[in-house]
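Engineer: One structure follows; several queries about it will come next.
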Amino acid sequence: MNTILAQQIANEGGVEAWMIAQQHKSLLRFLTCGSVDDGKSTLIGRLLHDTLQIYEDQLSSLHNDSKRHGTQGEKLDLALLVDGLQAEREQGITIDVAYRYFSTEKRKFIIADTPGHEQYTRNMATGASTCDLAILLIDARKGVLDQTRRHSFISTLLGIKHLVVAINKMDLVDYCEETFARIREDYLTFAEQLPGDLDIRFVPLSALEGDNVAAQSANMRWYSGPTLLEVLETVDIQRAVDRQPMRFPVQYVNRPNLDFRGYAGTLASGSVKVGERIKVLPSGVESSVARIVTFDGDKEEACAGEAITLVLNDDIDISRGDLLLAANETLAPARHAAIDVVWMAEQPLAPGQSYDVKLAGKKTRARIEAIRYQIDINNLTQRDVESLPLNGIGLVEMTFDEPLALDIYQQNPVTGGLIFIDRLSNVTVGAGMVRELDERGATPPVEYSAFELELNALVRRHFPHWDARDLLGDKHGAA
C-alpha cells in the first residue's frame, strides 16, 4: 500500500469509512492530447508519481523498464507507466487510448491518454467522447501545431467545454516567460474560431522535471496561477445531461423468469421516478414506471448516468434500441439529419455510400446524400470537397432507412452521437454527432406485398453491395 493511501485510510478511521468517502467524491474524466512527442504520457506519469499513486513494486519495475526502453537517459521515464503496449515502448509513442485512475483528497479522476500521431486520430476521438475536460499539451519549442488545432476542434466538437492548455517542456526553453506568452497569444487567436462558450486556461510546466504539475515551480516565479493538479481539482463541471429531458435507450430486455420483465440500460439524461408516465419510441405507446431496479435494490428515483432496469405497469412491445422518454415530451423521429463526421477509414467517405450506423442500442442503415463541407484544421474554414478523407472532419447530410429518435449532440451526446460501421468488414469507420434534424421523414406507412418483402430480403442478404434499402424499416418506423 502506498504512503498517501495508508494515511488517507487512517485519517478516515478505517477502510470502510474511507471507501464511503470515496463514493461521495466528485469524478472528473479528462484526456491528454496534442501533437507527437509533446509529453502526454510523461505528464500522466508525473501526475501519478507526484500524487503518490504508484506502488513500490511498480516503481521498481519502472526503474528496470527505464533502463531498457527509456528515452530520458538516467532519469525515470514516467511515460512507461502509461505506454503499456510493446510497440509503444519500442517506438516511444502512444498508439492506443490508455486509461488510468487516481484520486486526491478532493476528487476522483479517470485519465485518457490519447495518441498524438495523425494516423491515430480515431483513437483520440474515442477517448474524448466520454471526457469533461481536455489537457492540450504544446511543446514550448514548437508552439501550436496542426495536431494541436485538430485535437482542439475535435474536443469542442465532442462537447468538451473546459480546455487546459499545458505548455510543456519549459525546462528546454530556460523557463522563458516570453515563450509562454507568445504561445498563449497564438492559441487564443486560433481559439476565437472554436465553437461554443469555452473555459480555456494556460499552465506552463515541465512534465519531466515536475514544474507546476502537482507543486509550484521555483523556476517560474513569474507564473502566479494554479498548478495543473489544482486546476483539475477545482474546475467546476456542469454536465448538461443532468438538465436535459429524460432519455432512456433500452440496451437489453431482462426476462429471467415468467414473473419479471424489465428494460435495462443507462439513463442517458434527466431523471425518472416510480409512477412517472413514459412514452416508447418509435411506437409511441405509453405506460408508467412500476419499479426502478438496480444492483443495490429498488429505488424511487434514478438520475442521469445510472445503470438501471425499468419495470412498467403494462406489457407492451419494447425491444433493444427503443427509446423511453417522459410522456409529455415531444420527440419526432427523423429520417434525415446533418451530421458532423470524424472519418476514420482509409477509404474516403463519399456521397452515395451506405453504412450501418449504431446509435445507443439502435442499429440501422444510412446513406450519405451529400457532403456540405470539410473543415480546414489550420484556420477552421469550410471548403467544398467531393469526399472526406482519413481523419477528415466535415458536415454530412444523411438519410436513415427508418425514422430514428435523435437529439442534437450538444444537448445529449448519447442520443445524438453515432458510429459508422462498414457493412462487409464490420469495422467502425467513423464517428458522427447530430448537428441538425430534418423531420420531413415522417411519411405515411407504405404497404408492400409478401413477394416484394421476400425479394427485398433476398437482395439485401445476398447482394449487400447493391445498397438496397430495408423496406420494413419504413413500415416499422411509421407504425
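Cβ atoms are placed via backbone N, Cα and C, with glycine included.
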Engineer: Pick from 113-116, 209-212, 381-384: which stretch is listed in Swiss-Prot under region 'G3'?
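Structural biologist: Result: 113-116 is the stretch Swiss-Prot calls region 'G3'.
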Engineer: Please identify the range among 92-96, 102-106, 182-186 that Swiss-Prot labels region 'G2'.
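Structural biologist: Within the set 92-96, 102-106, 182-186, Swiss-Prot attaches region 'G2' to 92-96.
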Engineer: Choose the correct range: of 48-51, 168-171, 400-403, which one does Swiss-Prot annotate as region 'G4'? Give that range.
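Structural biologist: Going through 48-51, 168-171, 400-403 one by one, Swiss-Prot flags 168-171 as region 'G4'.
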Engineer: Tell me which range among 34-41, 66-73, 146-153, 410-417 Swiss-Prot lists as region 'G1'.
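Structural biologist: The range carrying the region 'G1' annotation in Swiss-Prot is 34-41.
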Engineer: Per DSSP, Lys40 (GTP binding site) is which: helix, strand or coil?
Structural biologist: helix
